[in-house]
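Report on the following structure.
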């Protein structure tokens, strides 16, 4: 359960974004009377999905192989978390900057690439970007594969319903909620990477157990805030990446990172609102 919800939401958000991008491309081709290029959208989409699955498969095999190496596994997980975090942060930053203008961004890319190869390339890049993000996050966060695909399936169903005007959904609110959750999970990934890195360095005797880096910010593991089984701790862990016994470094860096991204997002929203007020 502790990894089901994060995996489901991750699969749902990125899957919905990918499916809606494909829908936007198809609608633009219809409006611009270039429907003969539709099949190349599907070629690019399928290629993007295959590429994402391929990368996910490689990361999965690599992870399983390294898991057998005990001490090295923790250090590897820590390093992988930081690499994943760097990539995911760029995705989050892009969404903060351009997410509100997704339709115009996609249409602009399509209008500049109105050829068979160009359309297939746009579809491939945009779908693969979402797929690779899911693969990296799943690999680094050790998320449940079943939950991930359940989220993607739910996204596909919703995207089809939206595309056929069978349901009305405020996509801005939906994407804002899932983006906020993605930021929280990215912060969790940073905290996880720091915790596993310190643990690995300690077990390999590269860092003394008396090091100030191991000092805990607090210890609530014997209370209802215990992040693995606590009445409040478990849901907080699932929803917000809460740890009940974090190192000071882990605690500060995790929430400094999370707070910084929320601040950047808030600043972008205010900037967008100011532009709209000037145009009004």
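Cβ atoms here come from the backbone N, Cα and C positions, even for glycine.
Bear in mind that TrEMBL entries carry predicted annotations, made automatically and left uncurated.
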Given ranges 6-29, 198-221, the stretch to which TrEMBL attaches the annotation transmembrane segment: 6-29
Stretch carrying transmembrane segment according to TrEMBL (options 41-63, 225-247): 41-63
Range from 6-29, 108-128, 134-161, 173-194, 248-265 with most C-beta pairs under 8 A to the transmembrane segment (41-63): 108-128
Selection from 6-29, 75-96, 108-128, 134-161, the stretch that has most Cβ pairs under 8 A to the transmembrane segment (173-194): 75-96
